[in-house]
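These come from TrEMBL:
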DOMAIN    60-283  domain 'Anoctamin dimerisation'
DOMAIN    286-849  domain 'Anoctamin transmembrane'
TRANSMEM  297-324  transmembrane segment
TRANSMEM  375-395  transmembrane segment
TRANSMEM  458-485  transmembrane segment
TRANSMEM  505-526  transmembrane segment
TRANSMEM  553-571  transmembrane segment
TRANSMEM  669-692  transmembrane segment
TRANSMEM  726-746  transmembrane segment
TRANSMEM  824-846  transmembrane segment
Amino acid sequence: MYTFLSLSFHLEKRKKNQLLQLLLENLGQTIIPDLGSLESQHDFRTPEFEEFNGKSDSLFFNDGQRRIDFVLVYEDESRKETSKKGTNEKQRRKRQAYESNLICHGLQLEATRSVLDDKLVFVKVHAPWEVLCTYAEIMHIKLPLKPNDLKNRSSAFGTLNWFTKVLSVDESIIKPEQEFFTAPFEKNRMNDFYIVDRDAFFNPATRSRIVYFILSRVKYQLINNLSKFGINRLVNSGIYKAAFPLHDCKFRRQSEDPSCPNERYLLYREWAHPRSIYKKQPLDLIRKYYGEKIGIYFAWLGYYTQMLLLAAIVGVACFLYGYLNQDNCTWSKEVCHPDIGGKIIMCPQCDRLCPFWKLNITCESSKKLCIFDSFGTLVFAVFMGVWVTLFLEFWKRRQAELEYEWDTVELQQEEQARPEYEARCTHVVINEITQEEERIPFTAWGKCIRITLCASAVFFWILLIIASVIGIIVYRLSVFIVFSAKLPKNVNGTDPIQKYLTPQTATSITASIISFIIIMILNTIYEKVAIMITNFELPRTQTDYENSLTMKMFLFQFVNYYSSCFYIAFFKGKFVGYPGDPVYWLGKYRNEECDPGGCLLELTTQLTIIMGGKAIWNNIQEVLLPWIMNLIGRFHRVSGSEKITPRWEQDYHLQPMGKLGLFYEYLEMIIQFGFVTLFVASFPLAPLLALVNNILEIRVDAWKLTTQFRRLVPEKAQDIGAWQPIMQGIAILAVVTNAMIIAFTSDMIPRLVYYWSFSVPPYGDHTSYTMEGYINNTLSIFKVADFKNKSKGNPYSELGNHTTCRYRDFRYPPGHPQEYKHNIYYWHVIAAKLAFIIVMEHIALLPRLGHSGMILAHCNLCLPVDCYMCYKFIYEIRFLEQLTSDFTDSIIYFICQ
């Protein structure tokens, strides 16, 4: 039954869409005049000018009846202090043509001069009932049919209601919204919809969406068959200074208007205020006030933060395990012991300038490494592989619930083409499926050219990032030689700096800081380039546009932020050869080597600097800059501070969010998600830092939206868009990277192999399993006489004459039949590493398969009851209408006979 109703309804809906599209085109051709040259137009319809009536909280025209749905702001050209009269006149006539066409489309305008600056004019826009109904049908907006009488599902945690009540929003303050069965609006079936009050049938968010839809498509100039249209172009060209919907009240106090719902005040009090930091977010009110797109972002961010709590607890436990057991770290004690590490002479790590050095100068770094490179880290890496899988699967479920609750299941059928796309649709083709004519912006060949150019541009910028990474590597190789020559070669107990500032540490810290600066610079440049490329690509819908931009930006950011971490984790110290036959980078620079304890501590340092620096930089951009800009604006308006200003003027002096404001919020969180998952094996505290950052991020973003920024145009969204497959890709990659970090970057596997196999016979001399002798066993011996001419006779050999030195590798000693070849220990370690990677991947991916099967089995038994009820309700109405019509026809036929 449901399938039949759905199919019949959608077939009729497709026919209706075709008719509505034709109606919209005819409407534009009929109402929008052909402006031609601007000088030929003299009959513009202009808005009426009214004085401010002194009601600062009013959201209506001066008559108190017509609601303000949108506000346009411009600077009166006749009062501008400029000599460019010709330019001002052209801008004035374009604006007059645009406003005239708005009135022709049925919108009502009222203009009011600024109270504080008489050069500014505010044009208030109101959409009457007929306009709202017409465009609600064109935009396929779903509106209430009847109240939802289905019972809500009871919570499985009923015994914990007392606890959840403390965390939940007080329902006496923010009352739950009444639920309805909904359907796409149709004017000819208006009586079927639940219209109790015409003024409340379209809520303010829906009214703003409809008006913005009209503002984005109205033309203002036509020259040589090229149309110029839309409020965005007018704002970008400076003809209008701003265009925005109004906040409903001040955020610190309620409105004096008794009819005002005070939703902004409630959001600030129960969501953005610091005292509400422990409470759940009022997602339904956020969605109602700002739209589904903002709502789904905060729902995702809140869910991600909740899931981080478990990861943070396990991460802190693993960190504490390493910290408390660092004194029992046998291999670190051997490094620091004066009779073991103090007598082990290490080979020079570069040519000519680098000296021989004692192993115990890395004592402090080995102690730190014991904290992060412990058995707890191994457990945490496996846990995070499972956690990231479960997080994505559970989020899919939560997202499906929101689609059901917010009625966005069929959103893709509602979305209209972007006005920029519609304006370029000049080519006519035949649709292969419907066999009907369609207009497209370019041919298949033109589309291929655009895709090729866009892909080439993205590829060029990725190569530019790789070039910058190579530059950082060259810097590392060059400056390491300098630090090795300048820094002390012996540990002096009286100088605490010498204990920590080794050549490896100094090189790592300075390279990380330089890498972070380069990342920020390239990031700022590429943002503009990515927008230009996406605009040239010309996606059809706003969702397609955002998804295309998302993929380009993330691909760039992925290489930009993570390339240095991938280098340290998987390349540094892996292809160095051995002292007698080193590997050279670019044929000139000798490849970097890791500390005797591995590169894990350097990877931790890199993550800490980039992750911490990024968080500080983002907070400066997101909090300080808007606050400072608004503060400067208030100082400029101090002379008129005693005057009563209207609601629209107060909102104008707030900061604009920008069309891509939410995009950058997503990007920031996804980059953080990558740091938390991809390299978490090297830094167990990353989830804790992310948790603290996100708790503040939610409230900071809420504070920005409610207090510092103008109200955004509400937008529909079904899900988080392209970020979902990006997170899935990160999750799969995270399992691999963490397994490889444990296997190839950490020394955990070699230590386990030594403990279980090489510390006891037949390979070891100890009678029981132990870590004693691990350092001596894992450092190979090299004969100084076998140095090539580059290194032999090093002038900085200040530790005396030595016949042998040690280096980090598993090779046979000189004099062995297979000298300097990999020994049996090496092959045991390789086998153990590969086995660990395979086991960890299977452990991490099994929960995904199990959970997906459970959801699939559950969904097969489910029925979208609300959709069924809507379709059944509509079908019954239409059946009765058809039955009545047939009965009437039969009576007429009988009478005529």
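Keep in mind that glycine also has a Cβ here, set from the backbone N, Cα and C atoms.
Since this is a predicted model, take the numbers as computed values, not measurements.
Only pairs six or more apart in sequence are counted, and the transmembrane segment (726-746) with the transmembrane segment (458-485) gives fewer than three Cβ pairs under 8 Å, not enough to call it a contact. Annotation: stretch 375-395 has the most Cβ pairs under 8 Å to the transmembrane segment (824-846), among 297-324, 375-395, 505-526. Between the transmembrane segment (458-485) and the transmembrane segment (505-526), three or more CB pairs separated by 6 or more residues in sequence fall under 8 Å, so the two stretches touch. If one looks beyond the transmembrane segment (375-395) by at least 6 residues along the same chain, the residues whose Cβ comes under 8 Å of a Cβ in the stretch are 300, 303-304, 307, 310-311, 314-315, 317-319, 321-322, 677, 680-682, 684, 687, 727-728, 730-731, 734-735, 738-739, 741-742, 746, 748, 840-841, 843-845, 847-848, 851-852, 855.
Confidence annotation: the domain 'Anoctamin dimerisation' (60-283) carries a mean pLDDT of 84 in the model.
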